[in-house]
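Novice: Okay, so TrEMBL annotates it like this:
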BINDING   Cys101, Cys106, His180, His185  Zn(2+) binding site
COMPBIAS  1-19  compositional bias 'Basic and acidic residues'
REGION    1-20  region 'Disordered'
Amino acid sequence: MAEDSSRDPTGEPSGHDFSRNLLKTLFHRKSKGKPNGKKPPTEEKKQYLEVEYTKVRVVDFDLKELVVLPREIDLNEWLASNTTTFFNLINLQYSTISEFCTGDTCQAMTACNTVYYWYDEKGKKTKCTAPQYVDFVMSLVQKLVTDEDIFPTKYGKEFPNAFETLVKKICRYLFHVLAHIYWSHYRESVAMDLHGHLNTLYTHFIVFIREFNLVDPKETSIMDDLSEVLCTPLPPAQNHVTER
Ligand SMILES: [Zn+2]
């Protein structure tokens, strides 16, 4: 349930030609209808799009190989195990910056020009801070993935009819968390040298949700600029895989 504001999501041109061209394209596309193209004072440049940062990953192989349904594996089993893993990894990645994500620093759950509102069990829309939103997401997902009736682990137990719908819902929420980390806590991730992990996790997640059409592309379009850069394999000369 994203609500777009009228903020222009473009950033300042960076020192890199590649980023500059990318931003130019974005600016041209997104600023249509704005007569003076003036940026609001709160606008920040998208540091996460700079080549210096996007080239940092922790693996150097095509992540698509990891997400394709293996032969002899049931689709629901595959979706269940991957969804549970992404939940754990994204929860962990968020925990690395959670001390910087407070009710003061992040008064709303934002990513780019989008504000996410939480809808409670009765469908009531609530505006909440980003840490509250993430807490709602993680509590809900934790409850779902540990519910034996929804994510069965015992042999012979069937997945419910609503399984795919619930997986889509979980992935949509997890995307919001990743988008918020990039938009509001990228600097802190870089300061802790965790952006390589973030880039790899994000890319892995995006190729997974694309492979099984789990999130509406309209929902993820706010991060398309980054997705395109990260999902394109690096030329060998630029490959700066972090050694751990
Ligand atoms: Zn935050």
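Note: Cβ is positioned from N, Cα and C throughout, glycine not excepted.
Bear in mind that TrEMBL entries carry predicted annotations, made automatically and left uncurated.
For the listed features, I'd like the structural context: burial, neighbours, distances.
Specialist: In the three-state DSSP scheme, Cys106 (Zn(2+) binding site) falls into the coil class. A simple way to gauge crowding: the CB of Cys106 (Zn(2+) binding site) has 20 other CB atoms within 10 angstroms, across all the protein chains here.
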Novice: Please list, in sequence order, the residues in the chain of Cys101 (Zn(2+) binding site) that are at least six apart in sequence and whose C-beta is under 8 Å away from its C-beta.
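Specialist: Sequence-distant Cβ neighbours: Tyr94, Ala130, Pro131, Val134, His180, Ser184, His185.
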Novice: Can you tell me whether DSSP puts His180 (Zn(2+) binding site) in helix, strand or coil?
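Specialist: Assignment for His180 (Zn(2+) binding site) reads helix.
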Novice: Apart from Cys101, Cys106, His180, His185, which residues in this chain have a Cβ no more than 8 Å from the mean position of the Cβ atoms of those residues at the Zn(2+) site?
Specialist: Ile97, Phe100, Thr105, Ala130, Pro131, Val134, Ile181, Trp183, Ser184
Novice: Within 10 angstroms of the C-beta of His185 (Zn(2+) binding site), what count of other C-beta atoms is obtained when all protein chains are considered?
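Specialist: There are 24 such Cβ atoms around His185 (Zn(2+) binding site).
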